[in-house]
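What Swiss-Prot says about this one:
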{"type": "SIGNAL", "residues": "1-19", "note": "signal peptide"}
{"type": "DOMAIN", "residues": "20-54", "note": "domain 'Pacifastin 1'"}
{"type": "DISULFID", "residues": "Cys23-Cys38", "note": "disulfide bond"}
{"type": "DISULFID", "residues": "Cys33-Cys51", "note": "disulfide bond"}
{"type": "DISULFID", "residues": "Cys36-Cys46", "note": "disulfide bond"}
{"type": "DOMAIN", "residues": "57-92", "note": "domain 'Pacifastin 2'"}
{"type": "DISULFID", "residues": "Cys60-Cys75", "note": "disulfide bond"}
{"type": "CARBOHYD", "residues": "Thr65", "note": "O-linked glycosylation site"}
{"type": "DISULFID", "residues": "Cys70-Cys89", "note": "disulfide bond"}
{"type": "DISULFID", "residues": "Cys73-Cys84", "note": "disulfide bond"}
Amino acid sequence: MKFALALCAAVLLVVLVQAEEKCTPGQVKQQDCNTCTCTPTGVWGCTRKGCQPAKREISCEPGKTFKDKCNTCRCGADGKSAACTLKACPNQ
């Protein structure tokens, strides 16, 4: 439930910020994994996909598991990538 509320708040913030930014009708831009198109009234309208967090470089022992906040990750065979659960962790 907390995750859903946080997600709604984030979407609302993005929409409010975008509403203040004027644009040329028909203009298109990318914002993270979302596509934004300028409406005929000169206001951005964007898709609201839940984007994956940005990837970061890691170094780990291949095959080993480790914690990332409240999520459990398993190190990839290359020692530079990992697959993690996607729990919404409470503020830590």
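Every residue, even glycine, has its Cβ placed from backbone N, Cα and C.
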Legend entry - Which disulfide-bonded residues sit within 10 Å of Thr65 (O-linked glycosylation site) - Cα, from Cys23, Cys38, Cys46, Cys51, Cys73, Cys75: Cys73, Cys75
Legend entry - Using Cα positions only, nearest of the disulfide-bonded residues to Cys33 (disulfide bond) (Cys46, Cys60, Cys75): Cys46
Inset, instruction - Under 8 Å Cβ to Cβ from Cys75 (disulfide bond), same chain, six or more residues apart: give me those in sequence order, or none if nothing qualifies. - result: Ile58, Cys60, Glu61, Pro62, Gly63, Lys64, Thr65, Phe66, Ser81, Ala82
Legend entry - All-chain count of other Cβ atoms within 10 Å of Cys70 (disulfide bond): 11
Inset, instruction - Return the member of Cys46, Cys70, Cys73, Cys89 nearest to Cys23 (disulfide bond) in space, with distance defined Cα to Cα and candidates limited to these disulfide-bonded residues. - result: Cys46
Legend entry - Inter-residue C-alpha distance, Cys36 (disulfide bond) and Cys89 (disulfide bond) (nearest angstrom): 29
Legend entry - Those disulfide-bonded residues of Cys38, Cys70, Cys73, Cys84, Cys89 having Cα within 10 angstroms of Cys46 (disulfide bond): Cys38
Inset, instruction - For the domain 'Pacifastin 1' (20-54), give the DSSP counts of helix residues, strand residues and coil residues. - result: 1 helix, 14 strand, 20 coil
Inset, instruction - For the disulfide-bonded residues Cys33, Cys84, work out the Cβ neighbour count at 10 Å and name the residue with the minimum. - result: Cys33
